[in-house]
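Below: one structure, written as C-alpha cells.
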Amino acid sequence: MISVLGAGAFGTALAISIAEGGSLVWLWGRNGDSLRAMQDSRDCPRLPGVTLPDGLTCSGDLAELTATGPVLMAVPMQTLRQVLKAHAARLDQRTLVLCCKGIELSSGKRASEVVAEVLPGALPALLSGPSFATDIARGLPTALTLACAEPGLAAALQASLSTPTLRLYRSTDLTGVELGGALKNVMAIACGACTGAGLGDSARAALITRGYAEMQRMAAALGAQPETLAGLSGFGDLTLTCTSEGSRNYRFGQSIGRGEPFDPTITVEGAATAQATDALAARLGLDMPITRVVTGLVTGALDVTSAMDALLSRPLKEE
Ligand SMILES: NC(=O)C1=CN([C@@H]2O[C@H](COP(=O)(O)OP(=O)(O)OC[C@H]3O[C@@H](n4cnc5c(N)ncnc54)[C@H](O)[C@@H]3O)[C@@H](O)[C@H]2O)C=CC1
Ligand SMILES: O=C(CO)COP(=O)(O)O
C-alpha cells in the first residue's frame with residue numbers, strides 16, 4: 001500500500017495517478033468531512049472533472065495509516081515540521097517521500113533536513129520536477145525525479161511509484177534535487193513580476209538564465225552535484241514554472257507586477273522560500289541578487305521599479 005499525506009492538489013493528483021497505475025493508494029487529509037465526501041462521491045473539489053479511481057481510499061483518520069509501504073508527504077513546506085511532529089509515532093522509521101518544494105523559513109532547512117531533525121529514524125526520499133497537479137491527475141505524460149540517498153531504495157521507489165504516464169528518473173543527490181525544486185519557485189515569482197509589469201519576454205529570459213546561475217551557486221555551496229540542477233528538478237521545473245500561468249508562484253509574481261492583490265489562501269511556496277534562501281545566501285556569503293529582490297518584493301520592501309533598478313545597476317561582470 002502506498003500512502004499519501006496531504007489531500008491538496010498535488011497529494012490528490014499523485015494518489016490518483018499512482019492508483020490509476022494499478023497500486024492500492026490511501027490518501028489522508030486533515031479535513032475529515034471533505035475526505036469522507038471525496039471517498040463517497042469519487043470527486044475532488046481541488047481537481048474538478050477528475051474521477052477518483054477504485055484503488056484509491058480517502059480518509060481523515062491517520063490511525064488508519066498502514067504499517068508498511070512508502071508515505072508520500074504532500075503538505076506545504078512551511079507546515080511539514082508541524083505535521084511530522086504531530087504524527088511522529090506513526091511516521092518515524094518509515095520511508096517518507098517528500099513532495100514539497102521549499103526551504104523552511106524559521107530554520108533555513110530543506111525538507112529532508114527537517115525530517116532528519118524531527119524523525120531521525122525515518123528514511124527521506126524526494127519526488128520533484130516539472131508537474132502541475134492537474135496534468136498528473138488527468139493522466140498527461142509527466143517526468144519527475146525520485147531521489148534517495150540509498151541507491152537500492154531509490155530504485156525500489158522508482159519502480160513502485162512510476163506509472164504508464166508518470167515516468168520517474170532516479171537520483172541519489174538529495175541536496176541538488178531539493179534545491180532545484182525549492183529555488184525555481186523564487187525565480188517564478190521574479191518572472192511573473194517581470195511579465196506582470198510589462199517588462200517583456202527578453203527580460204524574463206534573462207531572469208530565468210541568471211536565476212539558474214543563482215540556483216547553481218547555492219547548490220554548489222551546499223555540496224550538490226552540479227549536473228543535478230540541469231535535470232528535471234532544476235532546469236526542467238524552472239522552465240515550466242517561469243513560463244506558465246498554471247504556476248501559482250508565477251501568477252503571484254504577476255499580481256505583484258500588476259500591483260493587484262493575490263488570494264492569500266493559495267499555496268505560494270516561493271514567498272517564504274525567497275526569504276529563507278536570502279538569509280541562507282547571506283550566511284554562506286553567496287551573491288544571489290534575484291533572490292534578494294524577490295525577497296524585497298514579497299515582503300513589500302521593494303516595488304518592481306526599484307527591484308529592476310537594483311538588478312540593472314549592479315557592476316558589470318563576466319558571465
Ligand atoms: N500543485 C502542484 O501542481 C504541485 C505542488 N507541489 C508541491 O506540493 C506541496 C503541496 O502543494 P499543493 O498540494 O499544491 O497545495 P494545496 O494548497 O493544494 O494543498 C495543501 C494541502 O496541505 C494541507 N495542509 C496544510 N497544512 C497542513 C497541516 N498542518 N496538516 C495537515 N495538512 C495540512 C491543506 O489542508 C491542503 O490540503 C507544495 O510544496 C508544492 O510546492 C509540487 C508539484 C506540483
Ligand atoms: O511545482 C510546480 C510545478 O512543477 C507547481 O508550481 P506552483 O506551486 O507554482 O503552482
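Yeah, the Cβs are placed from backbone N, Cα and C, and that goes for glycine too.
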Among K101, K109, which residue does TrEMBL name as a further substrate binder in the site formed by R248, N249?
K101
Identity of the NADPH-site residue among A63, A67, A133, A213 (reference: F10, R30, K101, R248, E269, source: TrEMBL):
A133
Using DSSP with the three-state reduction, classify R30 (NADPH binding site) as helix, strand or coil.
coil
Extent of the NAD(+) binding site in Å [max Cα distance among G6, A7, G8, A9, F10, G11, A133, R248]:
18
For a Cβ distance below 6 Å to any atom of ligand 1, name the binding-site residues from G8, A9, K101, N249 that qualify, or say none.
G8, A9, K101
Between C-alpha atoms, which of these binding-site residues comes nearest to F10 (NAD(+) binding site): R30, S131, D237, N249?
S131
Report the binding-site residues (F10, D237, N249) that meet this criterion: Cβ distance to the nearest atom of ligand 2 under 6 Å. Use sequence order and write none if nothing qualifies.
D237, N249
Would you mind listing, in sequence order, the residues at least six apart from A7 (NAD(+) binding site) in the same chain with a Cβ closer than 8 Å to its Cβ?
A15, L27, W28, G29, R30, N31, S34, L35, M38, R46, C58
